[in-house]
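Features of the protein shown, as given by TrEMBL:
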- 28-105: domain 'G-protein coupled receptors family 2 profile 1' (DOMAIN)
- 118-369: domain 'G-protein coupled receptors family 2 profile 2' (DOMAIN)
- 120-143: transmembrane segment (TRANSMEM)
- 155-173: transmembrane segment (TRANSMEM)
- 193-218: transmembrane segment (TRANSMEM)
- 230-250: transmembrane segment (TRANSMEM)
- 270-296: transmembrane segment (TRANSMEM)
- 316-333: transmembrane segment (TRANSMEM)
- 345-368: transmembrane segment (TRANSMEM)
Amino acid sequence: ILWLLLQVSSSLHPECEYIYQLEREEQRCLQDIARQDNRSYEGCPPFWDAIVCWPHAVIGDTVQRGCPAVFSLFTNSTGSVSRNCTSRGWSSPFPPYHIACSVDDDIPETEESYFATVKLIYTVGYSVSLTVLAVAVLILLLFRKLRCARNFIHIQLFITFILKSVAVFIKDATLFSSDDINHCTLSTFSCKASVVFCHYCVMANFFWLLVEALYLNSLLLSSFSHCRRYLCCFSLLGWGVPVLFILLWIGSRLYFEDTECWDINENSPYWWIIKGPIVVSIAVNFMLFMNIIRILIQKLNPRLIQFNNSSQYRRLTKSTLLLIPLFGTHYMFFNFLPDYFSVNLRLYIELCIGSFQGLLVAILYCFLNQEVQKEVHMQWLRWQESSYGVVSPAAKGSQMDTPF
């Protein structure tokens, strides 16, 4: 989702410029027709066909019009279109606009089907992630023995994934709920609020990924004293810093670029108020990730520089792979791909696969966690004991796992 949110478009999106120019041409045409309204026409009256303004013509005439200037946004073609004025009225344009002006008159079915499939996949992905993350948060909150600094940070990260999923659904419902909505001219409070909320949730998610990296580095490098003070600082970084940048961005949009729904970010420096901190957080996260891998290599066996035991390779590989979804390290690769790199592939990776990141993080760091499994199992045994009087030796006690 990062690439779509951070994509910087041209001064105005071509589709919106296309709509604006057509609206201006339509107004001009209808004004000319209104000025001639008192005239009695013999033959074919002037009219606007949604693309070109056709003048009055007598029966038998063939009127030729050049391709509209608006098509220059998509093609350099300088063709022309004609209509015959017959006793039955105007004929259909020939050749058709999409042939004469080298512009497709509709979205190809394969492309339309592709976008519909992408939307379906990421909708399912965010829905499943939201449900699983909500269950994970409840588990970590309900079981007292699972309450620790590490799980507190995990809960905050899970909440950001939940909020991001909700924000995507709200934004889709606001901007794309109907085909009749003119996305280019929509400029309501609810529309702008949904965009702001979506940007905040994305920023908070990246900053809590950064907090996870900072916390794990601090555990590996120190004993993590003054835990409460650290957690307050982490909370301020994860929730507070994004608020600051979002407020600055809102102010810049209100005073300098209060256009449309704020979802089309023109080639302006103000978008870097949001984009810059996210890019920096990704870079810092990547450096912390590499540092953790270095520490893990040393801690596997400090006395051995070379690995002669295959189990050590497996442990290192497992640790590395588990850290990738937690730190969002994969964004480091996608962030520096060129914008022209396989747009359809990037859409699939960023939206479809990215929508399941929350699900993967919840499974790895909650449901597959030995502490969580132990505590859930203990609660299940206690419930059996209270319900059926069955006492198990395993229910007499449990202990916490490692802080990793």
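Yeah, the Cβs are placed from backbone N, Cα and C, and that goes for glycine too.
Any TrEMBL annotation is an automated prediction that lacks curation.
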Where else in the chain does the transmembrane segment (230-250) make close Cβ contacts, counting only residues six or more beyond its ends and a cut-off under 8 Å?
149, 152-153, 156, 160, 196, 199-200, 203-204, 207-208, 210-211, 214-215, 218, 224, 270-271, 273-274, 277
Determine which residues of the chain contact the transmembrane segment (155-173) at the Cβ level, with the cut-off under 8 Å and only residues 6 or more beyond its ends counted.
1, 119, 122-123, 126-127, 129-130, 133-134, 136-137, 140-141, 194-195, 197-198, 200-202, 204-205, 208-209, 211-212, 235, 238-239, 263, 326, 355, 357-358, 361-362, 366
List the helix, strand and coil residue totals of the domain 'G-protein coupled receptors family 2 profile 1' (28-105) as derived from DSSP.
17 helix, 21 strand, 40 coil
Given the model, what does the mean pLDDT over the domain 'G-protein coupled receptors family 2 profile 1' (28-105) come out as?
82
